[in-house]
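Novice: Here's the feature list from TrEMBL:
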- C34, C38, C41: [4Fe-4S] cluster binding site (BINDING)
- 20-237: domain 'Radical SAM core' (DOMAIN)
Amino acid sequence: MSETLLDHRPTPDQAAALRPQPPLGLLAEVTHRCPMRCTYCSNPLQLDPKSMELDTDTWKRVFSEAVELGVIHLHMSGGEPTARRDIVELMRHAAEVGLYTNLITSGIGVSEEKLDALIDAGCDHIQLSMQGADEAITERVGGYKGGFERKQAFARAVVERGVPLTLNAVIHRMNIHQVPDMIEKAVAFGAKRLEIAHTQYYGWALKNRAQLMPAREDVDRTIHEVETARERLKGTLVIDAVFPDYYARYPKLCNGGWGTRTFSVTPAGKVLPCHAAETITHLDFWNVRDHSLAETWYDGPAFTAYRGTGWMKEPCLSCERKHVDLGGCRCQALALTGDAAATDPVCVKSPLHESIGEMATMEAAVAEPGTATYRGFRAG
Ligand code: SF4
Ligand code: FES
C-alpha cells in the first residue's frame, strides 16, 4: 500500500475546508458588578471580583482582535457594564474599530449624561432588561426598590435619542402572568423589539429552579399570547420568543452551536464557547492575557472539545437531527446528567427525557415553592 493511502492527515486544502468559520458575535462581560439582584441570573455562582477585571487597554485589544477575527456584533454586558468607569472609552474604541455595538444594561444607575456620552461614543443599540410590567413584580424578581420607575425613564430616554431599543424579559413563574402587560409596556416605551425569553437554568437560575419553574399550562397560554400579539403588532413591535425547553420534545441549537457563531469573554479574561461554559469545570479555558482570540477560537481546547459532531455518543451519533441541533446544550447536559457529552435530556430520544418533564411538572405544581434566593455581587 502506498504511503499516501496510509497517511490520513488532511492536505492543506482539506485542512482549510475543515477549519471552522470565524465567529460573528462576541459577548463581552466587562464586569460582574451589578446593582440588580435578579433571582434568574444566569451568571456563574462564583463571580469575578473587581480586582480580577481586565483593564481598559486589554479590553481594547480584545475588541481589535475580535474585528481581525471576523466578529461583527459586540454585545457589551455584565453584570451592569456601565458600572465600569471606562465604559465610554471602551464603547468608543469598539465603534472605532468597526464593531456594531449593543449595550446590554439594567438601565439602573445610567444617568442621561452617561447615556449621551455612550451614544456619542458610537453605541448602536441598547438592550434593556425587564423583570416585570409594574413596580411590585420588578422589585420582587430583581430585588431592587424603585427599579421599574427607573427602567421606564431610561427606556424613554433611549427612544427619545433615536437609538433602537430592545427589551429583554426573562420569563418564569414569578412574572409569567404579566406577559401581555409586558408586551403593552414595550409598545408604550417605543421599543422596536421585545424578547420573551423563558429562563434557562444555568448558574444562579439553576439554584432557584424550583421557585422559577412555570406550569406547562401557563407556558402554553404564553405561546398563544405571544402569537396573537405578534400578529396584532406587525410593523410596530417585533417579538422574539424562547420557550422553556424542559417541556420541549427536542433541544435548542444552543448559541448557534458550540464554537460556531459566538463566544464570550469573562470579566477576568477567560474566553468561553458559551456564556455558561464555566459550569463544565473539566474544560481548559484560555485567557486573553495568554492567547490571542484567533488562537483560542480555532485551537483552544475548550472550543475544540464539543465543536461539530465528532464528540457525540448515541443516540445523537446516529440521529438524523444531529446537524440541526448539534445534540442540544452541553451545559444543560452536564447540569442534568453529570456528563457534558451526553444527549441534552430535554431531547425525546434521551433516556432521561421523561423524568426531566416530570421533574419540571412536579416543581411547578408546588403551591408554595419557598422564596427564591436573590443574587448579590458579594453573594457569589
Ligand atoms: Fe438532537 Fe441528539 Fe436528540 Fe438527535 S438525539 S434530536 S441529535 S439531541
Ligand atoms: Fe452552554 Fe448551552 S449554555 S452550551
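Note: Cβ is positioned from N, Cα and C throughout, glycine not excepted.
Whatever TrEMBL says is automated annotation, not expert-curated.
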Novice: Using DSSP with the three-state reduction, classify C41 ([4Fe-4S] cluster binding site) as helix, strand or coil.
Specialist: coil
Novice: For each of the binding-site residues (C34, C38, C41), count the other CB atoms lying within 10 A of its CB, then report the residue with the highest count.
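Specialist: Per the Cβ count within 10 Å, the most buried is C41.
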Novice: Name them in sequence order: residues not among C34, C38, C41 whose Cβ is within 8 Å of the mean position of the Cβ atoms defining the [4Fe-4S] cluster site.
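Specialist: Output for this site, in sequence order: M36, R37, Y40, N43, G79, S106, G142, W204, R375.
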